[in-house]
Amino acid sequence: MKFALVLLGVCAFYLVNATGDLETELEASELQELQEALDLIAETPLESLEAEELEEARKFKLPKINWGKLASKAKDVYKKGQKLAKNKNVKKALKYGKQLAENLAAGEVHEPGTPVGNNKCWAIGTRCTDDCDCCPEHHCHCPAKSWTFGLIPCSCQVTESDKVNKCPPAE
């Protein structure tokens, strides 16, 4: 607040001094208003401004925190997390995530989205529509139903014992 008033005073003082040559163009009332603003700033004691700021600070109070309620919410979230960890679908998703992380950390030769070989197949993690989009040693895995294709897309994955690439071999 003090800074703003000082800045306003400096600007007004500059304008009053800079308008010396332009007095003929400016109306006398405008110059009078600027001089009154400068006088008002000079008359305002800084102590009253500090008192106003202190009063505003006293009025502001931080919201009270109910620590008991917060602790019970944290406990509920922890219990839900434990329940989710036991869910078989979550375990599958975790296994999938770990597999993907291992493949990425292992320094796969091909980044997702880059063609492999002679542009005949796509790397692990790349979106696919069927097994023919993926390499022969991979398969196209769709984790969700077809109506959620846009939300959870199919991707090329490492072929496991129960999954096989059903694309006919290239000639």
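Backbone N, Cα and C atoms are what each Cβ position is placed from, and that goes for glycine too.
As annotated by Swiss-Prot, signal peptide applies to 1-18, with the evidence given as sequence analysis.
Among the features that Swiss-Prot reports, region 'Linear cationic cytotoxin domain' is placed at 59-104, with the record citing similarity to another entry.
Here the domain 'Oxytoxin-type inhibitor cystine knot (ICK)' (118-171) has a mean pLDDT of 72 out of 100. Swiss-Prot lists 118-171 with the feature domain 'Oxytoxin-type inhibitor cystine knot (ICK)'.
The feature disulfide bond is assigned by Swiss-Prot to C121-C135 (among others). Secondary structure at C135 (disulfide bond), taken from DSSP and collapsed to helix, strand or coil, is coil. All protein chains considered, the CB of C135 (disulfide bond) has 22 other CB atoms within 10 Å.
The disulfide bond annotation in Swiss-Prot covers C128-C140 (among others), and the record cites similarity to another entry as its basis. Sequence-distant neighbours of C140 (disulfide bond): residues of the same chain at least 6 apart with a C-beta under 8 Å from its C-beta are C128, T129, D130, D131, D133, C134, C154, S155, C156, Q157.
Around C167 (disulfide bond), the same-chain residues at least 6 positions away in sequence with a Cβ under 8 Å from its Cβ are D130, D131, C132, C134, P136. Residues or ranges marked as disulfide bond by Swiss-Prot on the basis of similarity to another entry: C132-C167 (among others).
Taken from Swiss-Prot, the feature disulfide bond covers C134-C156 (among others), and the record attributes it to similarity to another entry.
Among the features that Swiss-Prot reports, disulfide bond is placed at C142-C154 (among others).
Sorting each residue of the region 'Linear cationic cytotoxin domain' (59-104) by its DSSP state yields 38 helix, 0 strand, 8 coil. When the neighbouring Cβ atoms lying within 10 Å are counted for each of the disulfide-bonded residues (C128, C142, C156), the highest count belongs to C156. With every protein chain in view, the residue among the disulfide-bonded residues C132, C134, C154 whose Cβ has the most Cβ partners within 10 Å turns out to be C134.
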